[in-house]
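**Student:** Sharing a structure with you now.
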Amino acid sequence: MQVPNSKGNGLLVTRPTTFSDLIPTSGRLVWVREVSLIVGFSLLIALAAQVRFFIPPISEVPFVASNMIVVLAAAILGSKRGLAAVGLYLAEGALGLPFFAGGNSGFSAFSGVTAGYLFGFAVSAFVVGLLAEKGWDKRFATSFLAMLIGNLIILVMGGFWYSLTFGVELAFTRAILPFLLADTIKMILAAVILPSAWFLVKKR
């Protein structure tokens with residue numbers, strides 16, 4: 001919801017539902033803010049996807065930072081913009097930009113053994129965004145829970161897709177279990193950011 005700025009300078013200030021709504025804009029330039037946020041976060045997800053490493057004896061699926069950025073972006077942007085940012089990221093990679101993990105790209109990424117994680121990004125972004133719109137991003141406990149739920153969606157969808165090729169047991173031991181500890185740490189770090197940011201805004 002947008003209300004006139006009390007300073008009378010023609011800007012509109014969104015009554016904040018998510019943290020990104022704190023960015024003021026003029027009525028005619030709302031689209032500039034929206035596009036900038038969506039494109040910007042799609043690029044951040046792409047950048048995070050390049051931070052990866054393998055532990056071959058444990059899993060052939062790489063450890064990446066992109067899941068942390070996906071849930072954080074969704075919490076900042078909300079459900080629709082978060083989903084749009086992830087959707088744009090997936091489209092960018094599908095169309096040939098080297099944005100997927102390890103610089104991979106192309107439509108073939110959506111049929112490989114790790115495709116479930118990509119689909120999970122989209123579902124996770126929408127769910128975490130919805131929870132943020134309900135105020136879950138304003139306290140650490142609920143922020144962590146929202147991001148944990150979002151990450152579990154990614155892992156479960158990734159594991160399910162993996163199981164279609166290798167079976168349920170290998171999917172759990174190679175596509176889910178190895179990531180639980182590292183992902184929990186990442187979700188804790190991500191969960192600290194928004195409550196802290198809201199706290200600083202309220203102090204101003």
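Numbers run from 1 along the shown chain.
A Cβ is built for glycine as well, from the same backbone N, Cα and C atoms used for every other residue.
Straight out of TrEMBL:
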- 35-55: transmembrane segment (TRANSMEM)
- 61-78: transmembrane segment (TRANSMEM)
- 83-101: transmembrane segment (TRANSMEM)
- 107-132: transmembrane segment (TRANSMEM)
- 144-164: transmembrane segment (TRANSMEM)
- 176-201: transmembrane segment (TRANSMEM)
**Student:** Return yes if the transmembrane segment (144-164) and the transmembrane segment (61-78) have at least 3 CB pairs under 8 Å (sequence gap of 6 or more), otherwise no.
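**Tutor:** In contact, yes.
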**Student:** Looking only at residues six or more beyond either end of the transmembrane segment (61-78), which have a C-beta under 8 A from one in the stretch?
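**Tutor:** Sequence-remote neighbours of the transmembrane segment (61-78) are 17-21, 37-38, 41, 44-45, 48-49, 51-55, 84-86, 101-102, 113-114, 117, 121, 124-133, 136-137, 143, 146-147, 150-151, 154, 158, 162, 174-175, 178-179, 182-183, 186-187, 189-190, 193-194.
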